[in-house]
Each structure stands twice: as structure tokens, then as C-alpha cells.
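**Student:** What follows is a structure written as C-alpha cells; I'll ask about it next.
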């Protein structure tokens with residue numbers, strides 16, 4: 001009996017190793033194909049299975065942080081209080097604010113701020129959300145409370161999008177970011193109403209159609225938030241992926257970049273990475 005158990009354990013270990021080496025080889029090949037760097041962290045919240053690739057390497061998180069900021073604000077504000085209004089001044093407006101630029105001199109609700117940030121990736125909306133939380137220091141404090149001492153918010157929009165590989169400013173690792181997303185949104189303190197509100201925004205978001213959504217089976221549901229920094233071809237997507245018939249998501253973080261500051265990203269890199277990683281689940 002002991003020998004049988006030993007053989008079963010060995011078989012499981014070898015199977016896991018083969019699985020890991022399989023996706024690692026495919027992702028290494030993708031890095032060569034696109035002359036890029038890939039970082040991946042995936043967590044099946046149902047089984048606890050993880051898939052990692054360069055998961056402790058730092059990348060610019062760019063606009064994917066809007067999901068975290070929105071979730072932190074939604075922890076603080078009950079759903080029936082999201083009608084609170086904030087005033088928008090001309091000086092508040094930064095580049096790429098397609099919704100908030102229409103509100104100069106007017107008031108906007110917290111609910112509409114989150115909708116603008118998550119659905120249109122409105123940069124001014126993200127800044128206002130951070131300020132409603134209490135500023136960048138409060139965001140960092142909440143991250144530390146969640147056990148995340150890696151994700152490093154320093155700047156507001158749009159400066160946070162100027163990534164430098166020599167700096168840790170506004171960067172994270174796929175593993176740290178993915179675990180924080182899980183603790184904040186999938187298994188966090190959000191009320192039922194606020195969680196549904198945020199995930200519905202991510203599910204109906206169209207900006208990620210060429211990213212993780214493009215790499216998973218069409219009958220999967222994908223609630224995502226994409227991001228793209230201005231430098232080093234930094235292109236990201238973070239998502240809660242729901243396989244058909246599964247109510248507990250797979251948290252999937254894909255961060256990518258390149259070596260040259262002026263390089264341009266390719267969305268196919270992320271969709272092909274997602275396709276490779278999801279074979280493991």
C-alpha cells in the first residue's frame with residue numbers, strides 16, 4: 001500500500017512538472033516570437049491551482065490599477081451612497097479623459113466616476129477616485145493591509161504611465177497584483193451590490209476584446225481591465241475568467257513589455273498568452 005501511494009504521489013508530481021514545463025515552453029516561445037517579456041499569474045479560486053511565469057518580475061501596471069482603486073473605494077462607500085457628488089474643475093482634467101472633460105464646472109457621482117474609470121479608462125476619473133480614497137498613501141496603506149508590499153503606487157495620472165525599468169514607481173508583479181485582485185474583489189469585503197456593480201462593469205467592458213477575451217473559449221465569461229503604459233511597449237490585461245458553468249473565477253494577470261523605450265505593443269501577445277495559460281485549467 002505504501003508503495004502504491006508513493007507511486008501515485010510521484011505520478012502527480014511528474015504530471016505537474018510536465019504541465020508547468022509545457023506552458024513555460026510556449027510562453028518562452030511567445031517571448032521570442034514577439035521579442036517581448038511576459039509575466040503571468042493565474043489562480044483558480046475554486047481549486048487553488050496556480051500557474052506562474054515570471055510572476056515575481058516587476059512590470060508597469062498602468063490602467064489595470066483602476067480596478068484596484070475602484071475596489072478600494074467601493075469597500076469604503078456603500079452602494080446606496082454612491083450617489084455622492086464631487087465637483088470637477090478645469091485643473092482636474094488630464095490627458096485621455098473622454099467622460100470627465102464633459103463635466104468641467106459640474107458635479108459627478110461616485111458611481112459615474114467608477115463607471116468612467118472602468119469602462120472608458122478615464123484618467124481624470126481615476127485621479128478623483130484615488131483622492132476620494134484619501135490619496136496615494138491611503139491606497140498603499142490598504143494594499144499593505146492586504147499583505148501586498150510589492151505593488152508600489154507613487155504617481156497620479158498620467159505620470160504613472162511613464163514606466164522606467166530602472167524604477168519601481170507604479171509597478172507590481174503578476175503574483176502580487178493577482179493575489180490583491182483576489183483578496184479585494186473575488187474574495188474580499190465588498191458588499192454583494194458593490195461586487196456585482198464592479199464585475200458587471202468589467203464584464204461589459206469592450207476595451208479588452210482583443211486581449212484575454214480573445215484567447216479564451218467564446219463561452220467563457222471574462223471580466224477584465226486592460227492597461228497600456230506610454231513607454232517600453234507596456235501592455236497588460238487583468239481578468240476574472242469564468243469557465244462555462246463555473247461561478248468561481250480564475251484570476252488571470254498578464255503583464256508584458258519590451259526592451260526599447262519606443263517599442264510598440266501587440267495585443268496578440270496577450271491573447272496568445274491567455275490561450276496558452278488557460279490550457280492548464
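A Cβ is built for glycine as well, from the same backbone N, Cα and C atoms used for every other residue.
Got these off Swiss-Prot a minute ago, pasting:
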SIGNAL    1-24  signal peptide
ACT_SITE  63  active site, acyl-ester intermediate
BINDING   225, 226, 227  substrate binding site
**Student:** Within 8 Å of the Cβ centre of 225, 226, 227, which other residues of the chain have their Cβ, at the recorded substrate site?
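**Tutor:** Here the non-site neighbours turn out to be 62, 63, 64, 66, 67, 121, 207, 208, 211, 224, 228, 236, 237, 238.
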**Student:** Going by C-alpha positions, which of the binding-site residues (225, 226, 227) is nearest the residue listed as 'active site, acyl-ester intermediate'?
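**Tutor:** Checked the binding-site residues 225, 226, 227; minimum Cα distance to the residue listed as 'active site, acyl-ester intermediate' goes to 227.
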**Student:** Among the recorded positions 63, 225, 226, 227, point out the residue whose Cβ has the most other Cβ atoms within 10 Å, with all shown protein chains included in the count.
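**Tutor:** Result for the most crowded candidate: 225.
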